[in-house]
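A.B. asks: Straight from TrEMBL, here's the annotation block:
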TRANSMEM  16-36  transmembrane segment
TRANSMEM  56-78  transmembrane segment
TRANSMEM  90-114  transmembrane segment
TRANSMEM  134-163  transmembrane segment
TRANSMEM  184-200  transmembrane segment
TRANSMEM  212-229  transmembrane segment
TRANSMEM  236-253  transmembrane segment
TRANSMEM  259-279  transmembrane segment
Amino acid sequence: MKGVAWVTVLHSALKYFGILAIMGFALSKTGGFTPMIENMPDFYWTWDGNIGASTIFAWLIGTIGSIFCTQFVIQAISSTKDVKSAKRSTWVAFFFCLPIALAIAVIGVAAKYLHPEIDSLYAMPIFLQDMNPWLAGLVTTSLVASIFVSVSTVALAIASLVVKDFYVPMRNPTPEQEFKATRWISLLIGFLPLIFVLLVPEVLKLSFFTRAIRLSISVVAVIAFYAPFFRSTRGANAGLIGACVVTSVWYLLGDPFGINNMYIALLTPAVIMVIDRLIPGKAQGKAPTPVENNGV
(Lines of atoms letter the chains of each structure in order from A and count residues from 1; the text may use other names and numbers.)
(Lines give C-alpha, C1' and ligand atoms only; values in the text may rest on other atoms or scores of the structure.)
Protein backbone atom coordinates (compact mmCIF):
# COMPACT_ATOMS: atom_id res chain seq x y z
CA MET A 1 0.00 0.00 0.00
CA LYS A 2 2.90 2.38 0.64
CA GLY A 3 4.03 2.00 -2.97
CA VAL A 4 0.49 2.62 -4.22
CA ALA A 5 0.29 5.70 -1.98
CA TRP A 6 3.50 7.21 -3.36
CA VAL A 7 2.40 6.59 -6.95
CA THR A 8 -0.98 8.18 -6.16
CA VAL A 9 0.70 11.25 -4.66
CA LEU A 10 2.91 11.62 -7.74
CA HIS A 11 0.00 11.26 -10.16
CA SER A 12 -2.13 13.66 -8.12
CA ALA A 13 0.64 16.29 -8.12
CA LEU A 14 0.84 16.02 -11.91
CA LYS A 15 -2.94 16.36 -12.10
CA TYR A 16 -2.78 19.54 -10.02
CA PHE A 17 -0.19 20.98 -12.38
CA GLY A 18 -2.23 20.11 -15.46
CA ILE A 19 -5.53 21.50 -14.18
CA LEU A 20 -3.96 24.74 -12.91
CA ALA A 21 -2.06 25.20 -16.19
CA ILE A 22 -5.29 24.89 -18.20
CA MET A 23 -7.10 27.28 -15.84
CA GLY A 24 -4.30 29.85 -16.14
CA PHE A 25 -4.36 29.59 -19.93
CA ALA A 26 -8.16 29.86 -20.00
CA LEU A 27 -8.17 33.00 -17.83
CA SER A 28 -5.48 34.56 -20.02
CA LYS A 29 -7.76 34.00 -23.02
CA THR A 30 -10.82 35.51 -21.33
CA GLY A 31 -8.95 38.45 -19.83
CA GLY A 32 -9.69 37.34 -16.29
CA PHE A 33 -12.97 36.99 -14.42
CA THR A 34 -14.34 40.50 -15.00
CA PRO A 35 -15.28 40.13 -18.70
CA MET A 36 -17.02 36.82 -17.98
CA ILE A 37 -18.98 38.23 -15.04
CA GLU A 38 -20.07 41.26 -17.09
CA ASN A 39 -21.13 39.40 -20.24
CA MET A 40 -22.49 36.06 -19.04
CA PRO A 41 -25.88 35.33 -17.40
CA ASP A 42 -25.93 35.74 -13.63
CA PHE A 43 -26.68 32.07 -12.95
CA TYR A 44 -23.14 31.13 -14.01
CA TRP A 45 -21.93 32.76 -10.80
CA THR A 46 -24.49 31.44 -8.32
CA TRP A 47 -24.00 28.33 -6.19
CA ASP A 48 -26.76 26.32 -7.92
CA GLY A 49 -26.41 27.73 -11.44
CA ASN A 50 -29.18 26.82 -13.86
CA ILE A 51 -29.36 23.25 -12.56
CA GLY A 52 -31.19 23.64 -9.28
CA ALA A 53 -30.53 22.66 -5.71
CA SER A 54 -32.40 19.34 -6.01
CA THR A 55 -30.17 18.02 -8.80
CA ILE A 56 -26.98 19.23 -7.14
CA PHE A 57 -28.00 17.58 -3.87
CA ALA A 58 -28.75 14.35 -5.76
CA TRP A 59 -25.31 14.43 -7.37
CA LEU A 60 -23.76 15.07 -3.97
CA ILE A 61 -25.55 12.09 -2.42
CA GLY A 62 -24.65 9.84 -5.34
CA THR A 63 -20.99 10.84 -5.31
CA ILE A 64 -20.64 10.32 -1.55
CA GLY A 65 -22.39 6.95 -1.75
CA SER A 66 -20.37 5.71 -4.71
CA ILE A 67 -17.08 6.74 -3.11
CA PHE A 68 -18.08 5.01 0.13
CA CYS A 69 -18.38 1.61 -1.57
CA THR A 70 -15.42 1.99 -3.94
CA GLN A 71 -12.97 -0.84 -3.38
CA PHE A 72 -9.70 1.07 -3.57
CA VAL A 73 -11.02 3.82 -1.28
CA ILE A 74 -11.99 1.25 1.36
CA GLN A 75 -8.64 -0.47 0.89
CA ALA A 76 -6.74 2.80 1.39
CA ILE A 77 -8.69 3.78 4.51
CA SER A 78 -8.41 0.28 5.99
CA SER A 79 -4.62 0.37 5.61
CA THR A 80 -4.25 3.36 7.97
CA LYS A 81 -2.84 2.83 11.47
CA ASP A 82 -5.94 3.75 13.46
CA VAL A 83 -9.31 5.51 13.35
CA LYS A 84 -7.74 8.92 13.93
CA SER A 85 -5.43 8.49 10.94
CA ALA A 86 -8.34 7.35 8.76
CA LYS A 87 -10.38 10.43 9.68
CA ARG A 88 -7.41 12.71 9.05
CA SER A 89 -6.84 11.13 5.64
CA THR A 90 -10.43 11.82 4.57
CA TRP A 91 -10.07 15.49 5.53
CA VAL A 92 -6.79 15.72 3.62
CA ALA A 93 -8.51 14.22 0.57
CA PHE A 94 -11.35 16.75 0.89
CA PHE A 95 -9.05 19.78 1.02
CA PHE A 96 -7.01 18.29 -1.82
CA CYS A 97 -10.03 17.83 -4.12
CA LEU A 98 -11.77 21.16 -3.42
CA PRO A 99 -9.34 23.43 -5.37
CA ILE A 100 -9.38 21.03 -8.32
CA ALA A 101 -13.19 21.11 -8.41
CA LEU A 102 -13.21 24.92 -8.38
CA ALA A 103 -10.52 25.09 -11.07
CA ILE A 104 -12.45 22.69 -13.34
CA ALA A 105 -15.59 24.81 -12.86
CA VAL A 106 -13.67 27.93 -13.92
CA ILE A 107 -12.33 26.11 -17.00
CA GLY A 108 -15.86 25.08 -17.98
CA VAL A 109 -17.27 28.60 -17.61
CA ALA A 110 -14.33 30.08 -19.55
CA ALA A 111 -14.91 27.58 -22.38
CA LYS A 112 -18.58 28.53 -22.49
CA TYR A 113 -17.66 32.22 -22.59
CA LEU A 114 -15.20 31.84 -25.47
CA HIS A 115 -17.13 29.15 -27.36
CA PRO A 116 -20.87 29.43 -26.52
CA GLU A 117 -21.78 26.60 -28.89
CA ILE A 118 -19.33 24.08 -27.44
CA ASP A 119 -20.38 20.92 -25.62
CA SER A 120 -19.15 20.76 -22.03
CA LEU A 121 -17.32 17.51 -22.83
CA TYR A 122 -14.83 19.47 -24.95
CA ALA A 123 -14.11 22.29 -22.50
CA MET A 124 -10.57 21.10 -21.75
CA PRO A 125 -9.59 19.90 -25.25
CA ILE A 126 -10.58 23.26 -26.74
CA PHE A 127 -7.89 24.96 -24.66
CA LEU A 128 -5.32 22.22 -25.26
CA GLN A 129 -5.48 22.75 -29.02
CA ASP A 130 -4.55 26.43 -28.62
CA MET A 131 -1.66 25.84 -26.19
CA ASN A 132 2.01 25.62 -26.98
CA PRO A 133 2.57 22.02 -28.19
CA TRP A 134 5.13 21.29 -25.46
CA LEU A 135 2.91 22.65 -22.72
CA ALA A 136 -0.15 20.87 -24.16
CA GLY A 137 1.78 17.59 -24.21
CA LEU A 138 2.87 18.04 -20.60
CA VAL A 139 -0.68 18.89 -19.50
CA THR A 140 -2.13 15.92 -21.38
CA THR A 141 0.42 13.62 -19.74
CA SER A 142 -0.55 14.96 -16.32
CA LEU A 143 -4.24 14.30 -16.99
CA VAL A 144 -3.51 10.74 -18.15
CA ALA A 145 -1.46 10.24 -14.99
CA SER A 146 -4.44 11.33 -12.90
CA ILE A 147 -6.59 8.71 -14.60
CA PHE A 148 -4.05 6.03 -13.73
CA VAL A 149 -4.54 6.85 -10.03
CA SER A 150 -7.89 5.08 -9.98
CA VAL A 151 -7.92 3.00 -13.16
CA SER A 152 -4.83 0.95 -12.32
CA THR A 153 -6.11 0.19 -8.83
CA VAL A 154 -9.58 -0.75 -10.05
CA ALA A 155 -8.18 -2.95 -12.83
CA LEU A 156 -5.92 -4.69 -10.33
CA ALA A 157 -8.86 -5.30 -7.99
CA ILE A 158 -11.02 -6.72 -10.80
CA ALA A 159 -8.25 -9.03 -11.99
CA SER A 160 -7.63 -10.25 -8.46
CA LEU A 161 -11.36 -10.88 -7.94
CA VAL A 162 -11.71 -12.85 -11.18
CA VAL A 163 -8.63 -14.97 -10.49
CA LYS A 164 -9.25 -15.71 -6.80
CA ASP A 165 -13.03 -16.19 -6.93
CA PHE A 166 -13.48 -17.87 -10.32
CA TYR A 167 -10.28 -19.12 -11.95
CA VAL A 168 -8.60 -20.69 -8.92
CA PRO A 169 -11.67 -22.61 -7.61
CA MET A 170 -12.46 -23.92 -11.10
CA ARG A 171 -8.95 -24.89 -12.28
CA ASN A 172 -6.87 -25.42 -9.11
CA PRO A 173 -3.78 -24.04 -10.90
CA THR A 174 -0.16 -24.09 -9.79
CA PRO A 175 1.33 -20.74 -8.67
CA GLU A 176 2.99 -20.33 -12.08
CA GLN A 177 -0.28 -20.98 -13.93
CA GLU A 178 -2.12 -18.58 -11.63
CA PHE A 179 0.46 -15.88 -12.29
CA LYS A 180 0.21 -16.32 -16.08
CA ALA A 181 -3.60 -16.30 -15.93
CA THR A 182 -3.53 -13.10 -13.87
CA ARG A 183 -1.38 -11.38 -16.49
CA TRP A 184 -3.68 -12.36 -19.37
CA ILE A 185 -6.85 -11.49 -17.44
CA SER A 186 -5.36 -8.10 -16.48
CA LEU A 187 -4.60 -7.42 -20.14
CA LEU A 188 -8.16 -8.32 -21.15
CA ILE A 189 -9.66 -6.15 -18.39
CA GLY A 190 -7.49 -3.24 -19.51
CA PHE A 191 -8.61 -3.43 -23.15
CA LEU A 192 -12.32 -4.17 -22.72
CA PRO A 193 -13.27 -0.63 -21.54
CA LEU A 194 -11.39 0.87 -24.52
CA ILE A 195 -13.39 -1.29 -26.92
CA PHE A 196 -16.67 -0.18 -25.33
CA VAL A 197 -15.71 3.51 -25.39
CA LEU A 198 -14.57 3.40 -29.03
CA LEU A 199 -17.46 1.32 -30.37
CA VAL A 200 -20.23 2.40 -27.98
CA PRO A 201 -19.37 5.98 -26.87
CA GLU A 202 -22.84 6.44 -25.39
CA VAL A 203 -21.73 4.17 -22.54
CA LEU A 204 -20.04 7.22 -20.98
CA LYS A 205 -23.48 8.70 -20.31
CA LEU A 206 -24.17 5.84 -17.91
CA SER A 207 -21.63 7.14 -15.38
CA PHE A 208 -24.29 8.93 -13.33
CA PHE A 209 -26.54 5.87 -13.47
CA THR A 210 -23.80 3.51 -12.27
CA ARG A 211 -23.10 5.95 -9.47
CA ALA A 212 -26.73 5.59 -8.39
CA ILE A 213 -26.42 1.79 -8.33
CA ARG A 214 -23.30 2.02 -6.17
CA LEU A 215 -25.17 4.38 -3.86
CA SER A 216 -27.67 1.57 -3.21
CA ILE A 217 -24.82 -0.70 -2.11
CA SER A 218 -23.69 2.00 0.33
CA VAL A 219 -27.20 2.30 1.78
CA VAL A 220 -27.34 -1.45 2.48
CA ALA A 221 -23.86 -1.33 4.04
CA VAL A 222 -24.69 1.64 6.29
CA ILE A 223 -27.91 -0.02 7.46
CA ALA A 224 -25.92 -3.17 8.27
CA PHE A 225 -23.41 -1.11 10.28
CA TYR A 226 -25.75 1.11 12.25
CA ALA A 227 -28.99 -0.89 12.34
CA PRO A 228 -27.85 -4.47 13.00
CA PHE A 229 -31.41 -5.60 13.73
CA PHE A 230 -31.84 -5.47 9.92
CA ARG A 231 -29.48 -8.42 9.69
CA SER A 232 -31.55 -10.43 7.25
CA THR A 233 -29.55 -11.69 4.28
CA ARG A 234 -32.83 -11.97 2.43
CA GLY A 235 -33.57 -8.28 3.05
CA ALA A 236 -30.09 -7.17 1.96
CA ASN A 237 -30.25 -9.18 -1.26
CA ALA A 238 -33.80 -8.05 -1.99
CA GLY A 239 -32.80 -4.44 -1.32
CA LEU A 240 -29.89 -4.58 -3.75
CA ILE A 241 -31.82 -6.39 -6.49
CA GLY A 242 -34.90 -4.22 -6.02
CA ALA A 243 -32.86 -1.02 -6.06
CA CYS A 244 -31.12 -2.11 -9.25
CA VAL A 245 -34.42 -2.88 -11.01
CA VAL A 246 -36.36 0.17 -9.78
CA THR A 247 -33.48 2.59 -10.39
CA SER A 248 -32.93 1.16 -13.88
CA VAL A 249 -36.61 1.57 -14.78
CA TRP A 250 -36.66 5.09 -13.34
CA TYR A 251 -33.55 6.02 -15.33
CA LEU A 252 -34.98 4.59 -18.58
CA LEU A 253 -38.22 6.53 -18.03
CA GLY A 254 -36.20 9.75 -17.90
CA ASP A 255 -36.57 10.57 -14.18
CA PRO A 256 -40.38 11.07 -14.01
CA PHE A 257 -41.80 14.01 -12.04
CA GLY A 258 -38.34 15.57 -12.06
CA ILE A 259 -37.14 13.18 -9.33
CA ASN A 260 -33.50 12.28 -9.95
CA ASN A 261 -32.71 8.56 -10.01
CA MET A 262 -30.18 9.15 -7.21
CA TYR A 263 -33.06 9.66 -4.77
CA ILE A 264 -34.68 6.43 -5.98
CA ALA A 265 -31.40 4.57 -5.46
CA LEU A 266 -31.15 6.08 -1.97
CA LEU A 267 -34.66 5.23 -0.78
CA THR A 268 -35.47 1.92 -2.52
CA PRO A 269 -33.10 -0.41 -0.62
CA ALA A 270 -34.04 1.13 2.72
CA VAL A 271 -37.77 0.74 2.03
CA ILE A 272 -37.36 -2.86 0.86
CA MET A 273 -35.30 -3.76 3.93
CA VAL A 274 -37.94 -2.23 6.22
CA ILE A 275 -40.67 -4.22 4.44
CA ASP A 276 -38.56 -7.37 4.78
CA ARG A 277 -38.24 -6.66 8.50
CA LEU A 278 -42.04 -6.58 8.81
CA ILE A 279 -42.46 -9.90 7.01
CA PRO A 280 -42.11 -12.78 9.47
CA GLY A 281 -39.42 -15.31 8.67
CA LYS A 282 -40.02 -18.96 8.02
CA ALA A 283 -41.45 -20.68 11.03
CA GLN A 284 -38.90 -23.05 12.36
CA GLY A 285 -40.19 -26.61 12.42
CA LYS A 286 -40.59 -28.15 15.84
CA ALA A 287 -37.99 -30.71 16.68
CA PRO A 288 -39.47 -34.22 16.78
CA THR A 289 -40.20 -35.42 20.28
CA PRO A 290 -37.86 -38.27 21.14
CA VAL A 291 -39.71 -41.54 21.55
CA GLU A 292 -38.71 -43.60 24.53
CA ASN A 293 -38.14 -47.20 23.65
CA ASN A 294 -39.57 -49.25 26.51
CA GLY A 295 -39.40 -52.51 24.72
CA VAL A 296 -42.34 -54.85 24.16
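Placement of Cβ uses the backbone N, Cα and C atoms for every residue, glycine included.
All TrEMBL annotations are machine predictions without curation.
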A.B. asks: Report, as numbers and ranges, which residues of the same chain sit near the transmembrane segment (259-279): CB under 8 Å and 6 or more residues beyond its ends.
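C.D. replies: Long-range Cβ neighbours of the transmembrane segment (259-279): 54-55, 58-59, 61-62, 65, 208-209, 211-213, 215-216, 219-220, 223, 229-230, 232, 234-236, 238-240, 242-243, 246-247, 250-251.
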A.B. asks: Using a threshold of three or more Cβ pairs below 8 Å, and leaving out pairs closer than 6 in sequence, do the transmembrane segment (90-114) and the transmembrane segment (16-36) count as in contact?
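C.D. replies: Taking Cβ pairs at least 6 residues apart, the transmembrane segment (90-114) and the transmembrane segment (16-36) are in contact, with 3 or more under 8 Å.
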A.B. asks: Sort out the residues at least 6 away from either end of the transmembrane segment (184-200), same chain, that have Cβ-Cβ distances under 8 Å to it, and list them.
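C.D. replies: Same-chain contacts beyond the flanks: 155-156, 158-159, 162-163, 167.
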A.B. asks: With an 8 Å cut-off on Cβ pairs and a sequence gap of 6 or more, do the transmembrane segment (212-229) and the transmembrane segment (90-114) reach 3 or more such pairs?
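C.D. replies: By the criterion, they do not touch.
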A.B. asks: By Cβ distance under 8 Å, which residues at least 6 away from the ends of the transmembrane segment (90-114) in the same chain are close to it?
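C.D. replies: 12, 15-16, 19-20, 22-23, 26-27, 29-30, 35-36, 39-40, 44, 77, 120, 122-124, 126-127.
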